Amino acid sequence: MWRTKRSTVDGYFLAGKNITWWPVGASLFASNIGSGHFIGLAGSGAAAGIGAIAYEWNGMLMVLLLGWVFLPIYIASGVTTMPEYLQRRFGGRRTQIFIAVLSLFIYIFTKISVDIYAGALFIQLALKWNIYLAVVLLLVITALYTIAGGLAAVIYTDAAQTAVMLAGALTLMGFSFAEVGGWNALMEGYHNAIPSVRVPNSTCGIPRDDAFHIFRDPVTSDLPWPGVIVGMTIPSMWYWCSDQVIVQRSLAAKTLTHAKGGSLTASYLKVLPFFMIMLPGMISRILYTDEVACTDPQLCEQVCGNAVGCSDIAYGKLVMELLPSGLRGLMMAVMIAALMSSLTSIFNSSSTIFTMDLWKTFRSQASEWELMIVGRVFVLVLIVLSVLWIPIVQASQGGQLFIYIQSISNYLQPPVSVIFLCGCFWKRANEKGAFWGLVIGLTVGVIRMILDFVYPAPLCFEKDERPAVLRYIHYLYFSMLLSFITLIVVVVISLTTEEPRPEQVKLPSPSHFSCLGPTLLKLNFLTITGLAANMHQVVHGLTKQSGAIGKILGGAVLHHSKSHCHFDILRT
């Protein structure tokens, strides 16, 4: 880590571009799997079955898309941040500044606040600490090694914390399956996990019939299958292919081959949350039905302080009730590691964006020393803002934390995904089209998000009297609609205004990239792609519809492996 030259900008923000494949892959995984995942994904499993795991398996494919499609473009462009890439591609500063500010808001109000709340919820349940004391202590420890070590410290501690997370979570999974009686007992017991106190004349508390299905009804379900395939992929592409937190780890790799190896490692690891987080959450509902699956608002308020529901205590309940006292300490370390690995990643990437895209814009002559000092100080500012936001998170928490995160993502991230796609693969896209596409797309998305806060979803026994746009347009379908609106704006404005300058579409990049690389990478790429496309088939009772989709995707992978597999990058 000392060889990364932390006294230089590249050394501090990109770890000297000297990281090998396995720390890159471990850091990608650890940055993604924060405490919000442990609390939220287990809670979604307890509340609604395995449907939400589609986000994880979608991520398996998207992280490969990063390594094989987007990352070669970013590396050839010589950029440090994602807003900087947009500035080089489109010219001007307003799109770069717009994306930089938006990214910081997304980090503060969704990533940092959610992870802090989820970690504090677990610590409060386990240790009975005051929630603010726990949060401040964790944030201070996390910030210290982020500020001191830069990205190299973050990546190597992420790698160590990944090992701790896997050991602890897999241990709890083993105890959970032993207690419930195995896979068949899980399937049978989940459908019978109905709380003893229920709201009369309602279906509240009764497990979903499609609990063990991923591809669900396109109209009436909580996760409609067209939205899962298309609507989910759009914000996921932003997260894995153009979010600074994720891309920065890959940019720190010593070569493109190591970066691809890191993507493959992270993709393999993404198989595990289904087994080590979601299934234990479902088991928790079976073992502690009256608490985890409570539906009576007064009872839920007593159990977890949330009248909407208590499914988010599923994972913490397992830890406190099922594990022997010695192993509880291991799980405390797991949750703290998950929280800190996620927060350090966000802190480092946020300081990079602020320093390189905002501070350097207004202080173009700033020295490297000044930039590094500013980056470290901004981490402290993030901590203060995050602590101040905690009461808002507490006041606005929903019944399923994980689904709350995803719904907000579908309102803010699709326009950004569209802009990056157009910038990378359509030479005619210009700065005016990109900027106004962002402005109009995000305006529409923010309006929907505000409506969600003003008109919260009714409880299961209440009549839905929200506006039609909330009742009838699922957030995954809204993601598709929002992407289409943004794309139309970008295309129309770009075609009716001046063409981009030649230097903007002739970024320094090789004219061809082999999309698979060395033989070992080829084999692993095809293996993990086929695995991700067919993971749903490991679950009993999936519909014929989902099986057909898996065959289609699997066939696409097979066809892909037989092709020449070369493509042009911004070639004129």
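Quick reminder: no glycine exception, Cβ is built from N, Cα and C everywhere.
What TrEMBL records for this protein:
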TRANSMEM  61-85  transmembrane segment
TRANSMEM  97-123  transmembrane segment
TRANSMEM  129-156  transmembrane segment
TRANSMEM  163-186  transmembrane segment
TRANSMEM  223-241  transmembrane segment
TRANSMEM  262-283  transmembrane segment
TRANSMEM  329-348  transmembrane segment
TRANSMEM  369-390  transmembrane segment
TRANSMEM  402-426  transmembrane segment
TRANSMEM  433-455  transmembrane segment
TRANSMEM  475-496  transmembrane segment
Annotated stretches the transmembrane segment (433-455) and the transmembrane segment (97-123) touching (3 or more Cβ pairs under 8 Å):
yes
Hey, would you say the transmembrane segment (329-348) packs against the transmembrane segment (262-283), going by three or more CB pairs under 8 A that are 6+ residues apart?
no
Would the transmembrane segment (475-496) count as touching the transmembrane segment (402-426), i.e. at least 3 C-beta pairs under 8 angstroms with sequence separation of 6+?
yes
Between the transmembrane segment (163-186) and the transmembrane segment (475-496), are there at least three Cβ pairs closer than 8 Å, leaving out pairs fewer than 6 positions apart?
no
Can you say which of 97-123, 262-283, 369-390, 475-496 has the most Cβ pairs under 8 Å with the transmembrane segment (223-241)?
475-496
Any contact, the transmembrane segment (97-123) to the transmembrane segment (369-390), with at least 3 Cβ pairs under 8 A:
yes
